[in-house]
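A short write-up of the structure that comes next.
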Amino acid sequence: MAAPEEHDSPTEASQPIVEEEETKTFKDLGVTDVLCEACDQLGWTKPTKIQIEAIPLALQGRDIIGLAETGSGKTGAFALPILNALLETPQRLFALVLTPTRELAFQISEQFEALGSSIGVQSAVIVGGIDSMSQSLALAKKPHIIIATPGRLIDHLENTKGFNLRALKYLVMDEADRILNMDFETEVDKILKVIPRDRKTFLFSATMTKKVQKLQRAALKNPVKCAVSSKYQTVEKLQQYYIFIPSKFKDTYLVYILNELAGNSFMIFCSTCNNTQRTALLLRNLGFTAIPLHGQMSQSKRLGSLNKFKAKARSILLATDVASRGLDIPHVDVVVNFDIPTHSKDYIHRVGRTARAGRSGKAITFVTQYDVELFQRIEHLIGKKLPGFPTQDDEVMMLTERVAEAQRFARMELREHGEKKKRSREDAGDNDDTEGAIGVRNKVAGGKMKKRKGR
């Protein structure tokens, strides 16, 4: 990281936040009227805890360290002060937001443009997986806000003629702990060297790791720390369970759970791209409306999957940890940890996809004979023993034959998909990578399994 600029330690504005948010409005926080109206139009009826803490300090011109759990309203906490300042001193290339993933970058851009639609705010998303030339043209138009992943931004700073950030007024690092965990330290260091020192900096992170502390010392001046949650915890309205399963029956138990909790929306987390794709195909072959989201899909397909799930055109989203943090996915009823996370902290972020904004939700973790130690670490981290989810094992076993048949077709589809990729066939529109399972699915007798009467 860049050498520290002898900045002071963060001021502690991080006492447990007082429960006064019901009396606060965005106007009370100092947000200008036109942006308050935009908040109303987005359905933001009152500010969240992190917004109550961070916005007034940011409007005073302070650097901010925001420690907040997923789904806490972090984007509004930095977007509103930036737009407020932009109204006072209009300027192109006004703010840069660094984010670890492409999907999160697009979501942040959507929120900036929605909040700033009435004042003509323009943003550009600069991420990998998208044509560099079109991004260069977008940068040439000098948008007000740039939302970028560090690697692609460095590419443009080094190679796009005429592009620089020498007049930048605001830097935001969102999901800073994840940016650093993804080995973007070198890129962040380069960015810090080419932007003005006389700027405002907001650093938002779910956790205060040693790397984040080092980044704070290098990048922020006399920051104020706003902490919503200072320890690892899950929300009270989240019902958490586990199921102890022989490894070879994981697919069968998953189908059982989906039938038992039919009518809910599900996010199912898998550890690898391949297993995400395979499981999505398996479920599609059984008639479930499942869709995958993982890093080996093209950017358009990833966004397509996300949008179909958000629009409720699909009720089951299977994902790698790319979707466990940051993404704005409302109304997830059940999270299933099909593959247990190898890092205990990832459990918090995964199950944080449900029971958001005061709603209730369920999280079910599959534990095989190989996962016991990992599961015990999770229980130690959250400070509680999880109850078992009730299952009827005889009913589960009745599903094995049909699930085995669907597994066979899923493997077949996966092989065909791999061969198509090798032949470099044209992208099939906005179809997700499991659409091809439709023909195969009809070969699996009976389609989606119905619950037996009397249950």
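Using N, Cα and C of the backbone, Cβ positions are placed for all residues, glycine too.
If you look up Swiss-Prot, you'll see ALA2 marked as N-acetylalanine. According to Swiss-Prot, the feature phosphoserine maps to SER9, SER424. Swiss-Prot lists 24-52 with the feature motif 'Q motif'. The domain 'Helicase ATP-binding' annotation in Swiss-Prot covers 55-226 and rests on sequence analysis. According to Swiss-Prot, the feature phosphothreonine maps to THR149, an assignment based on a large-scale study or a structure entry. As annotated by Swiss-Prot, motif 'DEAD box' applies to 174-177. Look at Swiss-Prot and you will find 237-397 tagged as domain 'Helicase C-terminal', backed by sequence analysis.
Cβ environment of the residue listed as 'phosphothreonine': LEU98, THR99, PRO100, THR101, ARG102, ALA105, ILE126, VAL127, GLY128, PHE184 lie under 8 Å away, each six or more residues apart in the same chain. Helix, strand and coil counts under DSSP for the motif 'DEAD box' (174-177) come to 2 helix, 0 strand, 2 coil. The average pLDDT computed over the motif 'DEAD box' (174-177) stands at 89. For the motif 'Q motif' (24-52), the DSSP-based tally of helix, strand and coil residues reads 13 helix, 0 strand, 16 coil.
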